[in-house]
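J.: Pasting the feature list from TrEMBL:
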type	residues	note
DOMAIN	B:1-95	domain 'FAD-binding FR-type'
BINDING	B:62, B:63, B:64	FAD binding site
BINDING	B:221, B:224, B:236	[2Fe-2S] cluster binding site
């Protein structure tokens, strides 16, 4: 897929990958063997009818293909961009055994973009309005899990109201994943597509503060909690409260949601330029490092305690980060953030080597004695993971949570509280967009079943 | 969106707004705050509640027009819309009968003292409100606090009204003269620090309402982290009230200065763009 030149793109917030042309999409679609086994579909957490939408591309019906995807996935322009297809649909493609698998993600993205530009907006696969069921469902959180639940239930005729704590809907799609990987206008368009199904979205509404779950149960027949895992974690090393130390959540929220990269056109400030260390090795760490670069940093270091093989980030994003000049300091563990007059001046690290495998099967990093050194930086971004925000559990005492603070829900999304369902990161801990969407799909099905039993009662 | 229902200029740089927010007004308790975004390019800032009025569905906000957002809000008129208002955030101030309480409001901190003091009075406390300013013409909220306070004590730096000196001197006198069981201070960090230092030798429990930099106000970013009793806490979700004797004041004040340069840049840009135009 064509991409912006690595040097040029490292200084702008434009999307890195340029996307397929119609010719590219047709050529790629014709590689699909339309095999009987359809393993690609089972590799997709929301079971998009892949061979069927590719068949429509072959006929040149791009809008039809987009509508076909939206029968199962209300946010294809997002998923086509940020899913780790290499470990999902594309990993199951029959062609992939000998050659490159069919580029399913890129075709999904192409038809969704084509429909948005040429079809007058995002349709969400709805031809006619369903018969109203008379049931009302509250969806807490407007991230990927909540958006799928809302779209699915609206299509079944239920009246859906979504509650969002921030001033914009989309969850991690708007505050977390940067513009250069996922343009915010595209997220907005997909959210608008869900609104077009009749879903009502209330922003600035913090559930647990403005309304409790119990109050929602008084007004709605069922509640879905998809509030995510948004609590930032810190290492608890000395110097972490110095000026210039950010959680990745703060760094990315300022940049993406508040558009601090356009300061002072937008009012929210962020520290730009200088030398930046990002601690961690996941997708959020890659996003933070590449964001720092685009904010004008002279040098960006990625500090990770294991080696290249263990980096949890997507291969494509690691590759992009290396191309753009991020300095990877692997097998390196921060022990202290050093400061002067309250500001960060450097990050003290020790070198590590890999020892015996631990319980998770990964080789445990062990400190090399006497290897301490300081990387001189003025900004540090902590990207070592997130936890469960306690606002909802604290205000809902009879909702069962596990030791780590996540909501306990079964396969179908049912929680310990009748009528309350949950899914996505608030149940599993931080995972991927599409796994949250998949959890949303399952929960929507069980909410529908639950409501149907209420009819009989 | 929240409509501005009323506006009062308390002092050239202190504006009181009455804002339509029926759902928040129904839920909010004294000591909680809201996060406000003035317009589409705006930042999110936390504001304490100066009035909570469930009966007419409104909230009272008082802003000091020092930065870009407070200036935008201060320039709003009745009928204008504030882009976003979210809350109530944080924990409520623990209200119970402590006995004799003293409330100290520094600057526009006198405004959020109102709902807290009123609730303390209703809980049976004897309430002394202490406010101070450089001179008499800069004092605000004296009349409002008198609505529920058993006494309002005033200090000015130049002695133009009340006691000549600092609010902490007035507090010490009150402690020595009548005894005080519980203290709450709201205002600039430096003022809350000195109130805490003043009560420490007496061992009087002292609550402070911390004002660190915030972004979301819901616990998702940690911009507002403070150190209390040696432990890192989030001002927005663990606070905003903390035990003043345990707060690391120097850390709070250093972190508040993170964006001084940028705040100046934003303010210069705002002042330029709001030079009256031809229309």
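A Cβ is built for glycine as well, from the same backbone N, Cα and C atoms used for every other residue.
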J.: Of B:63, B:64, B:221, B:224, B:236, listed here as binding-site residues, which sit with their C-beta under 8 angstroms from a C-beta of chain A?
T.: B:221
J.: DSSP secondary structure for residue B:64 (FAD binding site), reduced to helix/strand/coil, please.
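T.: The residue in question, residue B:64 (FAD binding site), is strand (DSSP, three-state).
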J.: Within the domain 'FAD-binding FR-type' (B:1-95), count helix residues (DSSP H, G, I), strand residues (E, B) and coil residues, in that order.
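T.: Residue counts in helix, strand and coil order: 13 helix, 45 strand, 37 coil.
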J.: So for residue B:221 ([2Fe-2S] cluster binding site), how many other CB atoms are inside 10 Å of its CB?
T.: 26
J.: For residue B:63 (FAD binding site), what is the tally of other C-beta atoms lying within 10 angstroms of its C-beta?
T.: 25
J.: If you skip the near sequence neighbours and keep only those at least six away, which residues in the chain come within under 8 angstroms of residue B:64 (FAD binding site), Cβ to Cβ?
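T.: When sequence neighbours closer than 6 are ignored, residue B:64 (FAD binding site) has B:13, B:14, B:70, B:107, B:108 within Cβ distance under 8 Å.
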J.: How many other Cβ atoms sit within 10 Å of the Cβ of residue B:236 ([2Fe-2S] cluster binding site)?
T.: 27
J.: Round to a whole number and give the Cα-to-Cα distance in Å for the pair residue B:236 ([2Fe-2S] cluster binding site) and residue B:62 (FAD binding site).
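T.: So the alpha carbons of residue B:236 ([2Fe-2S] cluster binding site) and residue B:62 (FAD binding site) sit roughly 19 Å from each other.
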J.: Taking only the residues in the domain 'FAD-binding FR-type' (B:1-95), give me the average pLDDT of this model.
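T.: That region's mean pLDDT is 96.
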J.: Give me the CA-CA distance between residue B:63 (FAD binding site) and residue B:224 ([2Fe-2S] cluster binding site), in Å, as a whole number.
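T.: Between the Cα atoms of residue B:63 (FAD binding site) and residue B:224 ([2Fe-2S] cluster binding site), the distance comes to 20 Å.
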J.: Whose Cβ lies within 8 Å of the mean position of the Cβ atoms of B:62, B:63, B:64, the FAD site, other than those residues?
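T.: Residues close to the FAD site, other than B:62, B:63, B:64: B:13, B:14, B:15, B:16, B:47, B:61, B:65, B:70, B:73, B:74, B:108, B:111.
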J.: Within 10 Å of the Cβ of residue B:224 ([2Fe-2S] cluster binding site), how many other Cβ atoms are there?
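T.: Summing over all protein chains shown, residue B:224 ([2Fe-2S] cluster binding site) has 27 other Cβ atoms within 10 Å.
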J.: Neighbour count, 10 Å Cβ-Cβ cut-off, for residue B:62 (FAD binding site): what number do you get?
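T.: There are 27 of them.
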J.: What Cα-Cα separation, expressed in whole Å, is found between residue B:62 (FAD binding site) and residue B:221 ([2Fe-2S] cluster binding site)?
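T.: Here the two Cα atoms are 26 Å apart.
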